[in-house]
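K.L.:
First the structure, which I've put down as structure tokens, then a few questions once you've had a look.
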Amino acid sequence: MYSDNSQRKLTKAVTLSTLKKMKADKEKITCLTSYDASFTNVMNVAGVETILVGDSLGMVIQGQDSTLPVTIEDMCYHTAAVKRGNTNAFILADMSFMSYSKPEQALDNAAKLMQAGANMVKLEGGSWLADTIKLLSQRGIPVCAHLGLTPQSVHKFGGYKVQGKSQDAADLLLQESLDLVAAGADILLYECIPTELGKTLTDAVPVPTIGIGAGHHTDGQVLVMHDMLGINLGHTPKFVKNFLTEGRNVTEAFEAYVKEVKDMTFPGPEHGFKS
């Protein structure tokens, strides 16, 4: 999949089949958020296999205090921009808050994101999403289900807190994972869960798992681009590492991230959570 040059540029398109094979081969999957054409192009050069057009743009681009104000129109705009800068990476696009509260509504909005250039849509939630995921899957729309800490539910959680710490909570996450895979989810993304739970869940499901603050056992890793470049508003989550250090430029920072995820040196123990 990679060329022989030091930049590890992707030489052919990454597909869902590619990601499933990477899980089977135990090759780590790399993912970063991007919101425009320019950074997307650099990520392709650096060899990042998957790009997430995240609703995190509400915070890092728009300056909001959460992801809730982001609209489906915002997501379509940025997905189209990312598509224009992309060559071979696999593009995931977030469905914004309340854009998938009903299955038919979700289908309409997911179609907009796919038409804008997404290869897959991502939804936050548990087993209640099963009917929605089943409908999207039946209509040919690949789905990534986001479990654990789901930022669109931040007010219900009472803040950005680690999820799945108790045995009951861990058991619930496992059951929800199995329910959503049975409904047709093609990828599961876990956020802010204990490292060992990340391993349990990854071993239990047949689809690729991507983690952010979920330890090193998940099949892949994702970070918000601004966080891993040290561009933030004063708060750096525990699971983040600044790769724009040691005199690196942006391309080198992305390359270092890819290398450390592949080598399984990132995330380290200091980036994970305990039960």
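Each Cβ is built from the backbone N, Cα and C atoms, and glycine gets one as well.
In case it's useful when we look at the structure, here is the feature table from Swiss-Prot:
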type	residues	note
BINDING	Asp55, Asp94, Glu124	Mg(2+) binding site
BINDING	Asp55, Ser56, Asp94, Lys122	3-methyl-2-oxobutanoate binding site
ACT_SITE	Glu191	active site, proton acceptor
K.L.:
Distance between Asp55 (Mg(2+) binding site) and Lys122 (3-methyl-2-oxobutanoate binding site) at the Cα atoms, whole Å?
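P.N.:
Between the Cα atoms of Asp55 (Mg(2+) binding site) and Lys122 (3-methyl-2-oxobutanoate binding site), the distance comes to 10 Å.
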K.L.:
Cβ atoms within 10 Å, counted per site: which of Asp55, Ser56, Lys122, Glu191 has the most, among these recorded positions?
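P.N.:
The most densely surrounded of these recorded positions is Asp55.
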K.L.:
Can you name every residue in this chain, apart from Asp55, Asp94, Glu124, with its Cβ inside 8 Å of the center of the Cβ atoms of the recorded Mg(2+) site?
P.N.:
Gly54, Ser56, Thr67, Val70, Met95, Ser96, Phe97, Lys122, Leu123, His146, Pro151, Gln152
K.L.:
Select the most exposed residue of Asp94, Glu124, where exposure means the fewest other Cβ atoms within 10 Å, treating these as the binding-site residues.
P.N.:
Glu124
